[in-house]
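Q: I'd like to ask some things about the structure below.
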Amino acid sequence: MAKVTVENLTKKYGKTTAVRNISFDLEDNEFFVLFGPAGAGKTTILNMIAGIGDPDEGRICFDGQSMNFIESSKRNVAMVFENYALYPHLTIYENIASSMRTKAHREPEEVIDREVKRIASLLRLEGLLDRKPSQVSNGQKQRAALGRAMVRKPNIFLMDEPLAHLDAKLRNAMRKELKAMQDKLQTTTLYVTHDYAEAMSLGDRIAVIHQGEICQIGTAEEVYNMPATEFVARMFGDSEINILQGVLRREDSTLKLVLPLSNRSYELPRHTAEVLEASGRKQVDVGLRSSAVRYSWRPEEGYVKGTVYTMEPLGNKVELTVKTEGGAVRLMVPVTETPDVDETIYLAFDVSGGIYFDSDSKEYIVCQKETAGKEGKR
Amino acid sequence: MKELTKKPLLVRIRPWLILLPTLVVTLGILYPFATAIYYSFTDYSLKSTAYEFVGIKNWVEMFTGKEFWHSLGVTLKYAVLATALEMILGMVIALTLNTEKRWAGILKVILIFPLMVAPVIAVLLWSLMTNTSIGILEKFLNLFGVYAFPWWAASSTALFSVVMIDVWVNTPFVLLLVLAGLQGLPKSPYEAARIDGGSAWFTFKTLTLPLLKPVLLIALIFRIVSTVQEFSIIYATTKGGPGDTLMNLSLSAYMDGYTYSSIGRAIPQILVLWILINVITKKLVGAWLKAKSAN
Amino acid sequence: MEQKKRGEKALMLAGKVLLVFYTLFAVFPLIWMIIIAFKGDSQMYDTLFIFHPTLANFKNVLTKGSYVKAFVSNLIISGGAVLVSVLVGVPAAYALARYEFKHKEGVAFTILSFKFAPEILIIIPVFTIFQKLKLYDTYFGMIWIYQFIGLPLLIWVLRGYFEDIPVEMERAAELDGYSKREIFFKMLIPLIRPGLVAAALLSFIFCWNNFTFGLMLCGFKIQTITVSALTYISTSTIHYGQMAVVSVIAIIPEIIMCLCIQKHLVRGLSFGAVKG
């Protein structure tokens, strides 16, 4: 396994810039996730590392050695493609064995046989080795594609949305399997996905990509709790984060937050107040995850009135969208609650659990977790 | 290893290297084509190797002579008649064959056979069919009191007879393409039309025909390009005769070039034919691209 | 409504009747050919379908005259031409399918234009060049000119087959460590093989059927089957049985090949424009 460095990578297709000035490092044996919406440029980055496309600017190094314009067959990287890209005319066995039958990675037949069987048992493909790709299910194709990459000892594993075409149940199972395998095998992996749950569960670190640029690189905990921008905050979580426009007001010599939903002013935690004070802003965006929204069916002190607009059952929870005078708010309620549409509901906000953003630049300012979470690294 | 700042030369020119063999054999044909244009301004003849530049004399003679206009007329008459018959017949037969029934499956295979027959061999077959001593068609016409029907031996029936052979050979081409087109039609609009209760004719006019347009245009392009330069069938039957009844541009150029040894007179006619083909294909390919993107 | 239904039924019936007539028109000449081929000269005039079959016509064609020689010549020319066009055409089809480069479509359409150029336009100048280079009436010259019949077809049809292979599969092979050459022979050729066989056989049929090249560019030492067949028409022969045998020998190999490539016929004949 190698240390992979990506420096100032830029790729243009005609007039559109697909990837703009991207840099990151992969430590040895790190599982690094490129996460972002469709069309963000994730696959383009992956392809440049594999040598499928050449960067217009910037450099890719494996262990300090520049890989620019080196043909992909000479880079010793293994890749799992979104559409599997198995060899349709070869059996699963031959697909997995294929790399060991090339000049570059030639192995004797006994070794090939042993390795293929080892990988096959790891991926539970034993009974399928004589089948052609067209004769197995999507999940099995997926595992075969994974197997074809895993028999190798490459500089880096590249995975392009390998679970995207599986149904939800299989996807969860495969995700757990991948994680277990990663812990066992200790490989350097670059993994592309648009699924936040995959990113958070698999990634040692996650790079969030938006419109060809990196918004943030950090651990799952960091991107979830301290998102660098409102965009990053919106991308993570079952229920999209509520972003409310708040006004900061000085009352009794302490800084308080006024939300548009009520004229009530909220007390802020000390650290948060200090940072906000220092930023000198009067207006902030407050990101409140559904866990920071409490609810009641009866009017209570400090609660805001609203009506249930939509309900979406998500297994053991139900996501509600509530219309209030100040805008729509999303929150989770237990599945035992069965409100009617247009039923009146009362909401309260736990602003100390909020994430504060600059209302102009949409960039992170502060959150409570920063102080609670040990050193508050960023 | 040194860092590369651009792709190695061999990688950059790889596509051209792969294409090289084809380009070499292709140049072999582009060169004669260029000399052909030059020859049209000379009195080049197959009889002697010496020739002189004569300017536009060949061209002027061609455009002022009666023969050229006659040949152009024959060319267009033959092409339009043969193509129209093949298109209509091919389409109608394809529509009647467009079922899953067993007999249709067998016919779909058998009816393609004539397409594989060389035009000259087809003429041989139809000579046997129409022969006045042994032909079955002669025997058939005898039943109606018609004896020794001349077929392509008389100028009044020659065009029809020769086009019949063209239709025999090439209708399967249209049939095959239209069948493929019919098979590729989406199912859901037809279900919707059936629920709406439209008549079969209405469904055909508003649904099938527009959806088949790309396939029909492809068939039309191939057929018109082929019939406009038809040579083999006419040569094998009448060599352009009787008289000059079937002397289309291909035949006329062949006669001028080979029989009368005047390459200089032959080539302008072929170049006109070539321009004609180019104009037709350009128009039709444009229409095809439009129809394809519309569907 | 009732009337409309009846109108549709009448239309269907008319279609069926036309189909019967067309089937007779299309198939009967072939049946007639086979009947005549087995008819002795003496039975030619007074029998139609009931006669004593004889192999005399086959014996005559196969032992006398130049038809067998023409058959062999045709085989050499068509086979050689298809081989050449496969060797140069398959790589070209791949380059046109996979690479992006300047003038790509221009090159592709120039190749296609050979299909649409009048044959005589090519033949006349080629004839003069053949005379100069002493290629007239030689196998080398004939194979060289015949390969232009199949080349555009092969390139255009196979380009489509290559484009049908997901490019990721090729990338995967590259990442596995295969060289370009290995990918081409081990991964791509097996995948396009059905299309390749079909296109090659179709090219062979086109070469086999060609008449003009054989008429104008050879004739003394080498004679093609179609030119040879022509002599059976023009020499106002009364050996009709032999004419039929000549046709049978020319047609049967093609019908067998046609049956072999049934599934790919539409795509081949339309140069890839219609994917049947």
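Numbering starts at 1 and runs along the chain as displayed.
Note: Cβ is positioned from N, Cα and C throughout, glycine not excepted.
The model shown is predicted, which means the values in this text are computed figures rather than measured ones.
Checked TrEMBL, it gives:
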| type | residues | note |
| --- | --- | --- |
| TRANSMEM | C:12-38 | transmembrane segment |
| DOMAIN | C:71-261 | domain 'ABC transmembrane type-1' |
| TRANSMEM | C:75-97 | transmembrane segment |
| TRANSMEM | C:109-130 | transmembrane segment |
| TRANSMEM | C:142-162 | transmembrane segment |
| TRANSMEM | C:183-206 | transmembrane segment |
| TRANSMEM | C:240-261 | transmembrane segment |
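Would you situate these features in the structure and describe their surroundings?
A: Proximity of distant same-chain residues to the transmembrane segment (C:12-38), defined by a Cβ-Cβ separation under 8 Å and at least 6 residues beyond the stretch ends, is recorded for 44, 49, 51, 53-55, 57-58, 240-241, 243-245, 247-248, 251.
Here the transmembrane segment (C:75-97) has Cβ contacts under 8 Å with residues 104, 107-108, 111, 139, 142-144, 146-147, 149-151, 154-163, 184, 188-189, 196, 200, 203-204, 207-208, 214, 222, 224 of the same chain, all six or more residues outside its ends.
Sequence-distant neighbours of the transmembrane segment (C:109-130) (same chain, 6+ residues past either end, Cβ-Cβ under 8 Å): 92, 136, 141, 145, 148, 151-153, 155-156, 212-213, 216-217, 271.
Outside the transmembrane segment (C:142-162) by six or more residues, the chain places 76-78, 80-82, 84-86, 88-90, 92-94, 96-98, 108, 111-112, 114-115, 122, 126, 135, 188, 191-192, 195-196, 198-200, 202-204, 206-207, 210, 213-214, 217-218, 222, 267-268, 271-272, 275 with a CB less than 8 A from a CB of the stretch.
Panel annotation: around the transmembrane segment (C:183-206), residues 78-79, 81-82, 85-86, 90, 94, 149-151, 153-154, 157-158, 160-162, 165, 169-170, 173-174, 254, 257-258, 260-261, 263-265, 267-269 of the same chain, lying at least six beyond its termini, place a Cβ under 8 Å from a Cβ of the stretch.
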